[in-house]
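Here is the structure we will look at, set down as structure tokens.
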């Protein structure tokens with residue numbers, strides 16, 4: 001295996017990346033290699049998918065499969081090698097179906113039958129050993145000796161950003177929202193990568209194209225979430241348990257949570273959110289369920305201790321699973337793209353087994369003293385008081401805005417974000433999103449003239465809300481986003497964050513501070529380009545970076 005797609009990748013060798021029997025995320029080499037091969041297979045589907053679309057015979061099920069398959073290869077999503085073997089077989093069958101439709105259309109139209117090469121020609125080996133042999137030649141570092149580390153790193157930037165795009169698009173699709181132009185963009189990016197591009201300018205251009213595509217995808221997901229569950233409202237969320245049977249839901253999928261709330265209504269079971277599910281409490285259609293009891297625990301990297309203490313079953317939706325401990329292995333379930341060997345998997349909102357487990361387990365024996373935090377400051381809530389915010393800026397009551405958000409993780413250096421937020425002066429406002437918020441969301445920030453100093457915008461995909469807030473403020477002040485008293489301090493971990501970063505760059509947003517370390521696939525040569533064109537900076541000392549941000553705006 002060779003993998004350097006996440007922030008926690010091994011950096012102890014001469015070349016950064018996990019290249020042993022097991023990666024730092026817990027992914028074994030077999031699973032890692034099968035994931036590489038699945039990406040290769042999906043490129044073949046996209047090659048024919050792009051042609052099918054121009055012929056007027058698109059295959060919507062194939063397009064949905066591409067999103068799902070790519071999602072399974074994100075960090076901390078699926079560790080189940082057997083499921084990847086099955087997905088590889090399905091990928092070949094899907095590609096052949098799209099290919100056959102293209103050929104049939106060409107023959108009927110009397111035009112040349114398309115003949116494609118590369119991933120479009122791939123056929124799965126008969127057994128696991130054969131599949132692993134195939135995977136050896138299609139990893140992310142394929143061609144390193146020929147094209148060099150910069151080109152391989154840029155290919156990785158495009159691929160990893162695309163993985164994030166596919167994950168967000170899948171979230172929207174399962175809620176019933178999809179768009180042809182998104183599928184077209186995904187196919188185009190995969191087909192581009194299938195050609196093993198080696199031109200720096202073309203790779204950078206495609207990376208920024210993906211950033212623009214991701215903005216469209218995040219807008220669609222925002223429409224999906226608000227269309228299904230209502231507009232986020234500022235809401236107090238209980239973070240201390242109540243007595244009774246309990247289920248914990250982690251991950252990102254609001255549709256799974258809604259289905260579970262419907263199925264547990266009237267059972268006496270309390271449902272709690274964990275990690276990135278916290279913003280669910282701000283959506284009217286979700287918080288209307290009285291047994292959505294609160295949020296339990298912290299960010300994804302705390303799950304082993306959180307889940308071990310939780311007295312009921314756990315449902316993992318979408319990404320962020322890590323190896324289940326023996327203390328809860330028999331009471332954790334996966335759904336959607338998530339998988340772990342030996343863990344029971346539930347499909348299509350089929351939750352009776354999960355509910356029976358909750359009824360059999362003790363639940364919380366007592367109600368703890370109530371503690372709450374506030375969520376729900378999406379763009380509708382913030383822009384609803386935009387006049388008040390603008391007046392506070394003009395009056396000098398608000399000096400600066402900080403967006404401190406993104407993915408959290410366990411690596412050293414992430415306390416930087418806690419220190420930065422807690423040191424922010426009282427005349428500044430901190431906006432946050434993603435699970436990085438757990439670094440400081442219980443700190444008492446107070447308010448400025450009734451405007452909370454901490455505004456929790458939502459999940460990582462709610463970066464769209466943050467962008468809309470920033471552009472609305474820029475319009476109000478008749479300036480560009482880069483001219484606002486606004487600093488972006490971003491914590492990244494995996495491929496969704498890579499997609500969001502590309503979106504920010506595509507919008508021309510400069511001087512982003514990124515950490516706790518820079519992506520391993522961003523080579524010194526590529527970093528020089530990003531610094532020159534976009535002013536990207538690594539994080540340093542929290543106090544010094546804070547002072548620099550305030551000084552730059554004051555100047």
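Cβ coordinates come from backbone N, Cα and C, glycine included.
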Next on the checklist: 252, 276, 320, 435, 460, 494, 496 show up in Swiss-Prot as binding hybrid [4Fe-2O-2S] cluster; which entry in 407, 479 does that record put in the same site?
Outcome noted: 407
Item to check | Spatial neighbours of residue 6 ([4Fe-4S] cluster binding site), counting only the binding-site residues 252, 276, 407, 460, 494 and Cα distances within 10 Å | outcome: 494
Checklist entry - residue 460 (hybrid [4Fe-2O-2S] cluster binding site) to residue 18 ([4Fe-4S] cluster binding site): how many Å between their Cα atoms? => result 25
Next on the checklist: By the count of other Cβ atoms within 10 Å, pick out the sparsest of the binding-site residues 18, 407, 435.
Outcome noted: 18
Next on the checklist: Neighbours of the hybrid [4Fe-2O-2S] cluster site 252, 276, 320, 407, 435, 460, 494, 496: Cβ within 8 Å of the Cβ centroid, same chain, sequence order.
Outcome noted: 275, 300, 319, 434, 459, 493, 497
Checklist entry - Are there any residues in the same chain, six or more apart in sequence, whose C-beta is under 8 angstroms from the C-beta of residue 252 (hybrid [4Fe-2O-2S] cluster binding site), and if so which? => result 171, 276, 277, 317, 318, 319, 320, 459, 460, 461
Checklist entry - Where does residue 496 (hybrid [4Fe-2O-2S] cluster binding site) sit in the DSSP three-state scheme? => result helix
Checklist outcome for this item: One should report the C-alpha separation between residue 18 ([4Fe-4S] cluster binding site) and residue 496 (hybrid [4Fe-2O-2S] cluster binding site), rounded to whole angstrom, as 20
